[in-house]
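So TrEMBL lists these for the protein:
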BINDING   GLY31, GLY32, HIS33, ASP51, PHE78, ASP99, GLN106  S-adenosyl-L-methionine binding site
Amino acid sequence: MAHIPVLLQPTIEWLNLQPGEKFVDGTINRGGHARKLCQFLGPKGLLIGIDTDGEAIVQATVNLKDCVCPVKLIRGNFRNFNNLLDQIGVEKIDAVLLDLGFSSNQMDDSGCGFSFQRNEPLMMTLSNDDTLGTLVTAEEAVNDWAEESLADIIYGFGEEHFSRRIAKAIVEARAIKPIKTTSELVAIIEQAVPIWYRKRKLHPATKTFQALRIAVNDELGAIQSALPAIWQRLNPGGRLAVISFHSLEARIVKDWMREKKTAGEGVLLTKKAVKPDREEELANPRSRSAQLRVIKKVI
């Protein structure tokens with residue numbers, strides 16, 4: 001499935017990029033948002049793209065080759081925002097976009113085990129090595145972590161009410177043989193939950209897979225590390241736009257932006273989260289849970 005940039009038009013409007021500005025797309029992926037946004041920067045502007053996914057960087061290089069502004073792409077995690085900007089000699093910036101969702105390509109075509117709809121190795125990481133700070137894979141998590149830890153993660157990061165039953169089933173299954181594929185994990189989850197739960201519109205493995213992905217990639221920790229670093233680098237008048245997809249990351253972003261507003265350091269440009277309209281939801285069902293928040297730095 002081709003990746004469709006979410007909330008593209010509202011992002012363009014709220015970021016309001018100007019000629020000559022330096023803009024960072026902290027989750028460049030294949031350049032879906034950036035390809036549209038770079039046209040506002042002009043030849044004296046600068047587009048900086050960051051992504052942990054090496055394949056995404058390769059594709060973005062191709063997709064952004066005709067940008068009117070200079071482009072610098074870096075493989076890395078936005079949690080290391082300061083270090084990444086130091087690498088390319090950039091001190092201050094004018095605008096940043098973080099799209100916290102995994103792309104359709106990463107979910108469906110990466111072969112890394114993000115989707116419960118495909119039978120793949122149970123990785124849930126975008127790197128086979130540890131150069132980007134990935135300490136464990138989902139396979140290691142389900143086979144090595146204690147039952148209580150698994151239950152807490154599945155409940156805390158997935159908001160899964162049957163977390164205890166699922167964790168218990170995982171531990172019982174791995175005692176017989178290691179869990180190595182997504183299909184094996186899905187089967188365990190389906191057997192652990194009530195029959196009525198399996199018949200709902202939402203697949204019973206959805207929340208567990210989300211929880212493991214968040215835990216393995218330390219997604220919430222990355223957001224918490226990145227926000228203050230980005231703020232430090234923004235010029236006065238600079239804008240930060242964040243697109244979130246689930247309540248945990250949305251809460252972190254909302255609370256942090258409110259703190260900046262209360263401290264008199266920022267102005268909330270979006271008084272409430274901007275969500276996709278009906279037309280976008282129909283065209284791109286994965287956009288349904290997306291929320292855009294934008295803050296402007298004043299000091």
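The backbone N, Cα and C atoms fix where each Cβ goes, glycine too.
Burial and contacts for the listed features, if you can.
DSSP assigns GLY32 (S-adenosyl-L-methionine binding site) to a helix in the three-state reduction.
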Taking 10 A as the limit, how many CB atoms besides its own sit near the CB of HIS33 (S-adenosyl-L-methionine binding site)?
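HIS33 (S-adenosyl-L-methionine binding site) is surrounded by 24 other Cβ atoms within 10 Å.
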With every protein chain in view, how many other Cβ atoms are within 10 Å of the Cβ of ASP51 (S-adenosyl-L-methionine binding site)?
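I count 26 other Cβ atoms within 10 Å of it.
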Please report the number of other Cβ atoms within 10 Å of the Cβ of ASP99 (S-adenosyl-L-methionine binding site).
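The answer is 24.
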According to DSSP, which of helix, strand or coil covers PHE78 (S-adenosyl-L-methionine binding site)?
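Once the DSSP labels are grouped into three classes, PHE78 (S-adenosyl-L-methionine binding site) ends up as helix.
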